[in-house]
Amino acid sequence: MSQRWVGRKAILGWCVFGLVLAAALYIATSGHFYSPIEPFVGGKLQPPSHAFLMGTDELGRDVLSRLIAATGVTLGLSLVSVVLAMLIGTLLGMGAGYNLVPVLTPVILFLGQISIIFPTRWLPLMIVALFGNHALGMVLSMFFSLWGQFFWLMYDESRGLQGRTFIQAAYAVGGTKWKVIVFHILPYLAPTVLVLATLSFRTAIGVISTLSFLGIGLQPPTPTWGWKRWFHSSVAVSAVRNVSLRIRAGETIGLVGESGSGKSTLGRCLAGLEKPSAGSVFYGDLEIYSLSRREARLLRRRIQYIHQDPVDALNPYRTIGQSHFGILA
C-alpha cells in the first residue's frame, strides 16, 4: 500500500474522518429530538448531558444538531458563492486580458473597478438589503463581493503571460487564442486561482456567519454559523425579576452583579427613569410612577443615583464631589 495512505499524517486524517463520520451517524440515528428545527418538549436551556451533548437552546432545540446542520448550510452557501465568483471572474478576466470582445472590454473593466471599491465585508450588507436575506441573496451578496478579485488576478496574469516564450511558441505552431487560453494559460494559472479560491472561501464563511449574527442573514429556524443563543428581536427576555429592597433615609446601596444582569435597569427603575413591567417603587408614601412629570422631577432632587461607569456617568466639567454629593437639578 502506498505510504501516503498509511503514514502518521494519513492515520491522523483517517481518525478525524472516522470521528466526523461517527458523529454524523450518531446524530442521524439518535431519535426525533435531535432535529435541528423541532424543539424537545420540556428541554429548554438544558446543560450538556448524554442526551444533549452540547445542551439545548431557549426553545428546546439540540445545539449540537443545529451546529452540524449549520455547517452544511454555511459551507454550502460559501462554496456556491466562491465557485460562481471564480468561474465568472476567471472568464471575464481572461476575455478582457486577451480583448476577445473589444466592444465589451471597456465595460468589463469599468465593472471590475467598481467591484473593488467597496470592502469585501461591507458590500454584502448593501446587497442583502437589495436582494433579501434568503439563500439566493446570500449567494449573490458574496458573489458580487468576490468576483472582482478573480477578475483582476486573471486580467493581470493573462496580460503578463502574453509575452512569455512558451506562449509565443504555442502561437508559432498554429495555436489559436482559445487553444492557448485553454491548454496553456488556464493550466499555468490554476494553482494561483485555487489559492485565491481557498482564501475567498474562508472570507465567505466569515461574512455569511457575521450576517447571521447581526440578524440579517438567513432567518430562523434555519441553522447557520453565527446564530445567537438569544434572538433579541423575537424573544422577550426578563432582565430583572423578583427584586425587593428597602432603603432608609441616609442609607446607600450598591448593586453588584455580572455584566448584563440588570443592575442599570433596576437603578433606572428605582430613580423613576424607566417604568417596570410589574411591581412598584415608593418614596416614603409616594408612588413614584403615579406622580406627574413635574412632581417626579422635584422628587429626584432628593435622590442621588450614581451610575456604574464613571467615564460615561460623570460630567467632566464638574468635580466628583459635586457629581456625587450635590443636589441633582
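A Cβ is built for glycine as well, from the same backbone N, Cα and C atoms used for every other residue.
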Pick from 100-119, 180-199: which range has transmembrane segment per TrEMBL?
100-119
Quick test of the contact rule: Cβ under 8 Å, at least six residues beyond the ends. What residues does that give for the transmembrane segment (100-119)?
92-94, 126, 144-145, 147-149, 151-152, 155, 177
Residues of the parent chain within Cβ reach of the transmembrane segment (67-88), under 8 Å, 6 or more residues beyond its termini:
23-24, 27, 36, 54, 135, 138-139, 142-143, 146-147, 149-150, 193, 196-197, 200-201, 204-205, 208-209, 212, 218, 222-227
